[in-house]
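Contents: one structure, followed by commentary.
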């Protein structure tokens, strides 16, 4: 299976709660917000958020995918998740459906698989469990109790399967995807 990586800073363990409203915005909305702030007090928090997510913001602002790339996302969930713009757009779509935690869990496990040294692995595993799997988790993934007791590997595959059969087909039928997929068709006919 291909490597997947969410664009984020390595200081995720020290991630601040500042700018909570920013996390609910899509990258393009966040970038537009920062451009419109001028010299306000909130600019510092917005800039902190942007620095932590600067690559994703640059991708969204300057590297709009071609229609061919967007249509490739329909081939598989893997094709969508390996494209940084596709990942950002899919995250925005999942956020609108209140199921972003599935993607976050899956990405956290993918990052966990690449963790080194072993001491970091234990810390990350504990964080993944506390954030997504525990019955007290604030962002609990949608799985039944028998699956919850399984290993991270089988949970990761289950969540991928859930996204592939549920969220991903709805994403391909969404207005958001249709707009991006049709952008090239409109420009070639104009």
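We count from 1, first residue shown onward.
Note: Cβ is positioned from N, Cα and C throughout, glycine not excepted.
TrEMBL labels come from automatic prediction, so no person has curated them.
Looking at 1-24, 25-48, the range annotated in TrEMBL as region 'Disordered' turns out to be 1-24. For the domain 'RGS' (76-181), the model gives a mean pLDDT of 84.
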